[in-house]
């Protein structure tokens, strides 16, 4: 239909523009996936390292604690005396006679009483006092007294080390439970020598420790997600701790799933076939990639995926501790590890596709407008506006988006601004109007995304507040000034019903309180009758302030009144020509309740509505938080007005920015407003090297560089006295109040938020250069472009 209305030239232009948009779409998706994958791997690396380090540190601390406990007990005088007494019984007696004499000896009761407090406190299930020859002299198990010690018989080297004065913890061993069942359990032994007077060689005190107790906790803290786990293993790949998947693994082997999985579960790769792959079998005994590496003493990480003992692809990090003689690994399934990346890319592709479709549709609409009558053009414009309004009402979809969307938005807004300044666009009104629509739409999308994300943060309790003393009269004046022009245009008069100056100050988040008041006042003006009134009243009741905003509009039906606080519900206003997303009142309600207040509304059809909120006067200033900031929209028209007349300067600029896309945006913006010779560095270290040999007029600095933060870069500049006269301007997507305060403290002269606006960048550079030329002016660290 549209092609029939176009000339061959118009059709060619349309084809070229569509081709460029499609190329841009795939470029954005590719770059987004590339950088998201890098970020996801970095996050995954940090997660694995944190859990592995925590479990490893906990295990070492546990070993040290158990060694201290058994050593402290071995020094007990009462134990040493009874140990000496039992040592005097001739161990050359016949076995039955030796057992009888040891079992009935009065020292057994004394030793049991002495050791009872330790058994009740430190996961000790049994104790043994063993002679140098390996005979059990005393035990909490009377039937074991007089028998040979399993430890001395099976681990003679370890036993001799204890006789020579060492204190050690054994690796887990498996034995039948002593509850009469056939189930097996795992135990460790804490061993220490018991020296006594007049005894040549010490006896050995052995504490049997249940591996399911505090020992297991060292590995349970390394579990995360649904498949993430941390475990220990020996040089044969046998697990020395329980796997969270023990039951299913033992069932797959046909074993009793109630038994312990320690020393039964083996880090062996089921996909390796010994008969077919004999070389691998000889080299690593069929162990998993991780275990084969670790038992060689290698500590490493694999984020690409490998097969684990359950025949599942995982990513993991591992180490080998020579002092403990064991390895430790933290693993999570490959599928779960990159679930976030898959979800993000699906959403980004979908959003980019919707944006591409909208842009293509707009191109055809613009081409068709030139061939249609003015009334038809007006009808199409209204239809498009209605469609866009309907799309905005579905923006709850964006609540699951991450802030990685700021990167493609920075490209859309940044290159849109660059197009607005290019001569080819300025000479063509149609293209100029299209570029302006791109900038306005991109900025509007950013603002809406921030609102939805803030709303989502409220649901999970992550939105923070900055509490300061607020003057009632001043804040009302400020808010009225913000909406007064719109009210005047409609002939609506805003009236304060009484003098507010006598009211006490209150403690709240000033930005959020203004946001709520402006929302109430804006609604009162938008939904009011022509030449109506808006009345403001603030009452001091008990220990709270109550703010009332009353209008003289049509009012709201009682059945719709409760729905106004629900997100994206406009209580019947969806079918009017009044703008609105339906999120303002819902967000206001959550903010007020988070600050300890209440909200409400009343209405009479034909007379108007009253919306109110209350805030407590109690002291809450001690709450530590910083308020999230919104990026304000100046619009493309303001952009043109603020930059067209700016004089061009010859400047030599150093820009530290690691993303190629952002480098292109900044380069284009600088070229359009200044005669810049711009040098880009992707790392802070490269930038520091350049500053040692070259001089620059200004430095543009990203806060998140691959090798150091922007603040570390600034600290190095000051410490090494590099470029002391060169002003530094930060360009960053982090606009929190905490970061802004750190920027000022670091001696940085200006701040430009991302997505970058051309007007902001030009203003920041002008201010920085002005301060450079007038060093006697007040500290430049207070200069920051408004967000």
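Cβ atoms here come from the backbone N, Cα and C positions, even for glycine.
Here is what TrEMBL records for this protein:
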DOMAIN    400-619  domain 'Histidine kinase'
DOMAIN    652-769  domain 'Response regulatory'
MOD_RES   702  4-aspartylphosphate
TRANSMEM  12-32  transmembrane segment
TRANSMEM  347-366  transmembrane segment
> Just counting, how many other CB atoms are there within 10 A of the CB of residue 702 (4-aspartylphosphate)?
Replying inline: 25
> If you average pLDDT over the domain 'Histidine kinase' (400-619), what do you get?
Replying inline: 80
> Quick one: what's DSSP say for residue 702 (4-aspartylphosphate), helix, strand or coil?
Replying inline: coil
> Reported in the order helix, strand, coil, what are the DSSP residue counts of the domain 'Response regulatory' (652-769)?
Replying inline: 55 helix, 27 strand, 36 coil
